Amino acid sequence: MIKVGIVGSTGYTGAELVRLLTRHPHVELVGLTSRSYVGEHYWRVYPHLKNYTDLQCEELDLPRLVDRADVLFTALPHGHSMDVAREVLSRGKKLVDLGADFRFRDQAVYESWYRVPHTAAELLPRAVYGLPEINREALRGADLVANPGCYPTASILGLAPLLAKGLIDPGEIVIDAKSGVSGAGRGFSLKTHFAETNENFQAYNVGVHRHTPEIEEQLGRLAGRDLTVAFTPHLVPMVRGILATIYTRPAVLPDRDELYELYADYYREEPFVRVLPPGMLPQTKAVAGTNHCDLAVVPDPRTGRVIVLSAIDNLMKGASGQAVQNLNLIFGLDETTGLVFPGLYP
């Protein structure tokens with residue numbers, strides 16, 4: 001059994017990790033840390049997990065937790081995983097970080113967007129960006145994995161076939177994305193207060209969202225050149241889900257069937273990417289609670305654009321589900337282990 005500890009287990013991504021790992025056939029949970037619920041049984045914090053784990057939340061004692069675990073997940077705010085990573089790797093163990101601390105090759109990019117010093121910059125070259133669909137081989141056996149952000153996951157999967165084939169202008173990409181409120185985390189804030197969010201639809205962090213450079217770095221790798229995207233996120237009154245609508249400009253506009261075949265062929269062997277046939281469009285409810293990404297690609301002859309639509313569950317393929325997929329790859333398991341189930345509908 002793979003012994004797993006979770007640092008920061010009582011946020012939404014931590015809870016989703018616990019939900020997935022309690023039913024994973026090759027995992028034993030050995031520690032769940034929390035600053036807010038020390039001594040509480042985990043199921044008292046999240047009652048839906050009663051009878052699935054009897055672990056109590058514990059204060060972080062990193063050396064002791066590392067001794068017990070083969071791998072740690074960190075589900076912490078940015079800036080808090082650096083010291084954890086250094087300790088874990090120095091002890092010969094593995095780390096999957098669900099935060100942003102190891103997603104960038106360039107320390108200066110991280111520091112300019114996240115406004116904190118990177119105190120473990122020597123580990124950045126060692127980190128593997130954890131999007132299996134573009135980085136699978138590098139993830140096998142990796143000891144430090146930077147789990148992607150939710151918006152980048154939806155955006156990169158939506159654009160990868162077009163950029164890999166060189167069919168679109170890399171300087172003409174517009175990403176318009178909508179997310180449910182769980183993406184903001186479990187902490188209380190006016191922005192996610194029921195009375196502020198219900199029956200409301202709002203843009204936020206226009207032009208300055210911290211996922212922008214992450215999207216640009218990974219799309220630039222696919223395109224083979226630096227690029228800039230226009231990215232605008234929106235908050236919508238639902239709990240889970242991201243829907244990204246992506247506008248691109250090709251040199252020559254393919255027809256509907258050509259685009260479908262391009263995407264279907266590119267993702268043919270991918271267990272969690274579903275390319276919808278012409279006439280069907282992604283919807284967040286169809287992926288809720290699953291590790292799937294649903295894609296559709298549509299030509300717009302009137303404007304000469306190719307429009308891509310990408311839907312994921314921000315807590316699953318956008319966070320914890322993808323982290324478990326990465327865990328499976330790290331330890332040489334079938335990457336779908338513990339992740340094959342339909343979502344809830346309606």
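Heads up, the Cβ atoms here are built off N, Cα and C, so glycines get one too.
Worth saying up front: this structure is predicted, and the values here are computed from it rather than measured.
Lifted from Swiss-Prot, the feature list:
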- Cys150: active site (ACT_SITE)
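Annotation for Cys150 (active site): same-chain Cβ neighbours under 8 Å, separated by at least 6 residues, are Ser179, Gly183, His211, Ile242, Ile312, Asn314, Gly318, Ala319. Secondary structure at Cys150 (active site), as computed by DSSP, is helix.
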